[in-house]
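According to Swiss-Prot, the features are:
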- 1-20: signal peptide (SIGNAL)
- 21-35: topological domain 'Extracellular' (TOPO_DOM)
- 57-92: topological domain 'Cytoplasmic' (TOPO_DOM)
- CYS60: S-palmitoyl cysteine (LIPID)
- CYS62: S-glutathionyl cysteine (MOD_RES)
- CYS62: S-palmitoyl cysteine (LIPID)
- THR79: phosphothreonine (MOD_RES)
- SER82: phosphoserine (MOD_RES)
- SER83: phosphoserine (MOD_RES)
- 83-92: compositional bias 'Basic residues' (COMPBIAS)
- SER88: phosphoserine (MOD_RES)
Amino acid sequence: MASPGHILALCVCLLSMASAEAPQEPDPFTYDYHTLRIGGLTIAGILFILGILIILSKRCRCKFNQQQRTGEPDEEEGTFRSSIRRLSSRRR
């Protein structure tokens, strides 16, 4: 028959093997920075190319604050010096 020492050694071996095979819960504070970096660079690259395409397509224009051009310059247009001349000629 087996001695109590052999049985104890067998139990210790079985317990150590059982604890080694037990699935470990993933640590919630361990992050995969490589995948996060690759994903971020991919999204940044796509947004960069999309921005360049929008700029080069000339379809995205400022719709507000545009006036129809009639060919005559507006009174507000021109240099600062010409606007001073207009104001001084009105006072006389």
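Cβ atoms here come from the backbone N, Cα and C positions, even for glycine.
Around the Cβ of SER88 (phosphoserine), a 10 Å sphere holds 9 further Cβ atoms from the protein chains shown. A helical conformation is recorded for SER82 (phosphoserine) in the three-state DSSP classification. Counted within 10 Å of its Cβ, the other Cβ atoms near SER82 (phosphoserine) come to 11, all protein chains included. Packing against the topological domain 'Extracellular' (21-35) from elsewhere in the chain is no residue: none 6 or more residues past its ends has a CB under 8 Å from a CB in it. Across the topological domain 'Extracellular' (21-35), the DSSP tally of helix, strand and coil residues reads 4 helix, 0 strand, 11 coil.
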